[in-house]
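Report on the following structure.
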2 protein chains.
Amino acid sequence: MERTIKGVCDGENGEGVRNCHCVVALSGGADSTALLLILHYLRQRLGLSLSALHVDHGLRPESAAEARAAVTFCHALGIPLAVHTLTVDELAAVWRVGTEEAGRKARYDLLAAALPSPAADWICTGHHLGDLAEDVLMRLVRGCGWPALGGMRLCDPARRILRPLLLTEKDRLEAFLATLGVSWTEDPSNASDTYLRNRMRHGVIPLLTAENPGFLDQVRDLWQLAHIDADFWETRTAATLSAAPASPSHVEGEASAPHDAAHGAESIRLPKTTLTGLHQAERLRLFKEVLRRMGEGQARAETLLALDAAWVAGRGGTRFMFAGCKTATVRRGDIIFSGGPPAEDTP
Amino acid sequence: MERTIKGVCDGENGEGVRNCHCVVALSGGADSTALLLILHYLRQRLGLSLSALHVDHGLRPESAAEARAAVTFCHALGIPLAVHTLTVDELAAVWRVGTEEAGRKARYDLLAAALPSPAADWICTGHHLGDLAEDVLMRLVRGCGWPALGGMRLCDPARRILRPLLLTEKDRLEAFLATLGVSWTEDPSNASDTYLRNRMRHGVIPLLTAENPGFLDQVRDLWQLAHIDADFWETRTAATLSAAPASPSHVEGEASAPHDAAHGAESIRLPKTTLTGLHQAERLRLFKEVLRRMGEGQARAETLLALDAAWVAGRGGTRFMFAGCKTATVRRGDIIFSGGPPAEDTP
């Protein structure tokens, strides 16, 4: 874990935690407790300032006692702690999502709000190698391209999230705490198979680990390869897009196609000249990057492939629908991505 | 499945099955029975000639009856059939591998020997989408980079293997046979969890399909993305290697390093000039391609990453060991890959 923390400190993705503030998401489990302690021990060397945030989800009778334990622990370390109490069931109803998703979203909202300077400081979470393995499997199940299949990022500068323990086994964190005589709480909901993540942890991962006791090492290698490829494709698509301006602008020269006006300022055009000569692998990454720049919502591989097939065949007219109300249409060899809901064609 | 067969006929990887001979590996299960029938129905349109090969592994009491059923079936279709009887247990002992692996190897050896013109004809196997899903999971478990993680190839020109049903669900094959009133045999060893493949089929895949009933569709998409990326990287590494001669030749100019002589004609040097300026993702693919050209044995991601780190740091001296008795060493900014067992350094 030292190497990972050092990697982050030395500037994972060109950034680091040195001389900034870290807000640690402290559940009281082994992972976040170990993370807070490690950062506490490193704070002087790294010039860090630290605070913690504990969220009482109000879903279990023990949660109030766990919040008090977090207060005691942070008080002993001299780390400021904020405790927030949520009623996750209500949020889930309001947001129309499951309780797992509502808790996650509310937690990250609170963490982001707790950053003293949101553009420079970091939210630190205790995600470890076991979490990464679950994430890879969940991505495999729901359908995920490459390099996204390699799992969550160690450092997400846009969301200001750091996961310094992402490549560390949970066993090592527990051993570290045991050596120090520090106790932690086991969230009983971790044992429940209500949540997809837990079903991966209890059902699938033990089967895969039985086949290869080094399965988690393979996940770590896969993550590293994905991390390298992500950088390759990000660099490449950024260079292609900056060389050939697929700039977010009005669709020009389309006066004869009045139904295009609705695309307005939210359209991005990938001109034929940019697309021609690119390998299919590059075109697909370019589509993904354009869609990513247009907002949230994961593009389905199937739709990306269908859009590409239409472009190759020079087949205009079909409007391809992507998550987040984004669309794409082939027109005269260009591809026009549009951000809003699809415009109604005038009769 | 029509689309897949058509894809192969139209020249998957620039080759096709038109006007050539196909030897079908006929186990008598639903998949190979359906494959033989489909190719039989298409033979005139494609100008194919067909034969079949059945291997009696001699592992089960029913196997002789199954061989007779294959004879009857092929006789009715007018397709020449060869039946070979193996004693897989003995081969496994001789080759020092498991019976699953011994049966597979012996089967492919027999199939390759049955090709009338080994450079032009095809071995056709009944692998389907369920087999592909198992393969992806087995590759995930044992640790596999990208694009290899996407699973076995539909067309392997080097080994002359075609898998025309690779993207077709087994259910569809069974429905096809049921519609025609054709029966098939269920290999009872498919129900056994002695084999890794079966444990994936019975243990892991049902759990993943329970989370997403469209899991097999995701596997198909992943395979397609991997296929595209494989072509991208193959094209790219071939261009890099042909532009900068990493030719299989004696290590030149190393007169002052006598222990290099042992590398002899089996050394391939990647010169510093070729490596400099490449992205890490490209270097790793280049290493893999050089190792692939040097013979069998899968390169471990961990070792490839360690070799790359040594090259980046300009750290010579360490000899990195790869499967198949291949090694790599950094020397003066070049990387020298060597085929034989490592040479003994002279004292």
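For all residues, glycine too, the Cβ spot is worked out from N, Cα and C.
It should be emphasised that the depicted structure is a prediction, and the values quoted were computed from it without experimental measurement.
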Could you check which of B:12-32, B:180-200, B:243-263 is flagged in Swiss-Prot as region 'Disordered'? B:243-263
Which number gives the other C-beta atoms within 10 angstroms of the C-beta of B:G28 (ATP binding site), all protein chains shown included? 22
Remaining residues near the recorded ATP site, that is with C-beta within 8 Å of the centroid of the site residues B:S27, B:G28, B:G29, B:A30, B:D31, B:S32: B:L26, B:T33, B:A34, B:L35, B:G126, B:W184, B:T185, B:D187
Which Cβ among the binding-site residues (B:S27, B:S32) has the fewest C-beta neighbours inside 10 Å? B:S27
Number of Cβ atoms other than its own within 10 Å, given for B:D31 (ATP binding site): 24
Given the binding-site residues B:G29, B:A30, which one is most crowded in terms of C-beta atoms within 10 angstroms? B:A30
